Amino acid sequence: MATLKEKLIAPVADDETAVPNNKITVVGVGQVGMACAISILGKSLADELALVDVLEDKLKGEMMDLQHGSLFLQTPKIVADKDYSVTANSKIVVVTAGVRQQEGESRLNLVQRNVNVFKFIIPQIVKYSPDCTIIVVSNPVDILTYVTWKLSGLPKHRVIGSGCNLDSARFRYLMAEKLGIHPSSCHGWILGEHGDSSVAVWSGVNVAGVSLQELNPEMGTDNDSENWKEVHKMVVDSAYEVIKLKGYTNWAIGLSVADLIESMLKNLSRIHPVSTMVKGMYGIENEVFLSLPCILNARGLTSVINQKLKDDEVAQLRKSADTLWDIQKDLKDL
């Protein structure tokens, strides 16, 4: 007796299980992971979205909640499991998992605890998706991108840290607010280490090709009567402020990660400030990852833009590199 489905649908092609073309995996379904997931779904970037976490009930609940929104999305398959086989054939894997910093905990201790988590996660990702590109979002992102590169054995153009993509977006938003224009028309770059020691490249800030530093030569210095330097300070402080107010940050980083994925899956060759291996650049001698303007396309992170930096900016980059290396050199089991 034919089933209702058989009566309704007459097959034309053989029912072979198709390998997805644009599968994306998000590891970690906390606030950041789910913000990445919803941003990816909202931009219709994936034909399959996989979620992985160790908390099975939370994981299943998040999967079901997203699946129930399928009518309003263009992603036909949303799956989740604690077993990494669910991630097989991913084009891009976003890593948001990791342990949180405890009160009074040193960064080195936090990093070492996250290394121990990544030692389980990263080999599993590579086992099931050997051709993927990994985007690391977990903090401290520059060090954990290095850790991921070491543990994965992937070439450096396929291990990317979300880095200063969000810092630069915050910078452009805050400057654009002061000027009364849209952030996309206000160009400026935050480079280096994501977070406290990031570098604002004031010399490159422009609107419609007009250098703002030419209009105000003191811009970004302590002698600036308009105190533009405060904008960079606000960028650095903004995560702390949001965390103080709501407990975590998630929406902006989620949107920022989807932005990076779009450049890769659509082969756009757009330029983003993301964390990449900078050994040999700007006189940096160690294997550290810092944000520089990078071209992202279907092959991953294919090139780095040689930004003309001033001496003090280069000095700041090198200082960041030294700080990161001081922590990395003492990491165990890499």
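Placed from the backbone N, Cα and C atoms, the Cβ positions cover glycine too.
Small disclaimer: the values here were computed from a predicted structure and weren't measured.
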From the candidates Ser44, Ser168, Ser320, the one which Swiss-Prot records as phosphoserine: Ser44
Of the recorded positions listed as Ala2, Gly42, Ala50, Lys329, the one whose CA lies nearest the CA of Asn139 (substrate binding site): Lys329
Integer Å distance between the CA atoms belonging to Ser44 (phosphoserine) and Ala50 (NAD(+) binding site): 14
Recorded positions (Lys7, Lys58, Arg170, His194), the one with most neighbouring Cβ atoms at 10 Å: His194
Cα proximity to Lys7 (N6-acetyllysine), best match among binding-site residues Met34, Ile38, Ala46, Val54: Ala46
Secondary-structure category, per DSSP, in which Asn139 (substrate binding site) falls: coil
For Arg107 (substrate binding site): intrachain residues, at least 6 apart, with Cβ closer than 8 Å: Gln101, Pro140, Ile327
Thr249 (substrate binding site): nearby recorded positions from Gly30, Gly42, Ala46, Lys58, Lys329, Cα cut-off 10 Å: none
